[in-house]
Amino acid sequence: GKYHPVKVIERRKLQSTEPSDYEYYVHYTEFNRRLDEWVKLEQLDLDSVETVVDEKVEDKVASLKMTRHQKRKIDETHVEVGHEELDAASLREHEEFTKVKNIATIELGRYEIETWYFSPFPPEYNDSLKLYFCEFCLNFMKRKEQLQRHMRKCDLKHPPGDEIYRSGTLSMFEVDGKKNKVYGQNLCYLAKLFLDHKTLYYDVDLFLFYVLCECDDRGCHMVGYFSKEKHSEESYNLACILTLPPYQRKGYGKFLIAFSYELSKKEGKVGTPERPLSDLGLLSYRGYWTRVLLDILKKHKGNISIKELSDMTAIKAEDILTTLQSLELIQYRKGQHVICADPKVLDRHLKAAGRGGLEVDVSKLIWTPYKEQS
């Protein structure tokens, strides 16, 4: 029952006889782009309209008053969260190209899910407001009848890979993008609907996908996944991470993050997620790092170094440093960082960090690192 400021991005004609009947695609300026949507004219409060001078004209006027160096500095610093690796021109191009969601909803298993962002499906799907996904092989179709026909023939009941973890009703499958190319590409199309900035679609050969499922007598139903490069020079242990909207806020994101670090421990390496992280991804990681490090600091007697913490947790030293700095648990004395862990302060931070989510039972993980497999 409340108005929010929006920017009108696009309009389209409604199927009606009235020549003036349009609907408008709007971006709520106070919120993330995932809430952008089509609205009818009567939902807009036209008395509050502010006309915006065409941005190109605005830019021209501004740049006359600004040296080129100043302008470049502003362009370089004005980057939206989650797009840190894009320069200003690429960011504008990304936002222009992806400004309107092309698919409004999808059906996946027993859920109908509203999408959050644009995803570059093949052109023949551009006129589909809704897509129907097979929840096991992730093939997508335009019509419900096509899905029903497909389900009668599809003999998959879980992701097409090796089951590497099973605990209770949870299973984790490792899918090799090279061996299961179409599944990998379909997963990327699906994930992009819920991730604002993700560029991997066709080149899935170099990646492994870890798909988390809830299992019942009908099969293994995907709840989320993370992907990981087979060979990373930068010690990335995770490229993309997503929990599907119906399963969010149940601890699965934290589980996926913890799982990626358990794989790093088995490889005998430290790991870090590939940047940029989405807003939700960054929140999950901050929470995970905080809980893991504070748990150790609480139990540990005597001094402990960042290097020791890194060896114990497989978390990269820089991530440990920034986490402890943000909690103000680190001081710089005589040329080195010293961790200051007052038990009361630790308890307060642990309480603020919230629940730890689902535990990974390492005894149930049966896995050989990729290098050893090959």
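Placed from the backbone N, Cα and C atoms, the Cβ positions cover glycine too.
A TrEMBL annotation is a machine prediction, not a hand-curated record.
These come from TrEMBL:
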DOMAIN    98-369  domain 'MYST-type HAT'
ACT_SITE  Glu274  active site, proton donor/acceptor
Limited to the domain 'MYST-type HAT' (98-369), I'd like the whole-number average of pLDDT.
92
Among all the protein chains here, how many other CB atoms are within 10 A of the CB of Glu274 (active site, proton donor/acceptor)?
17
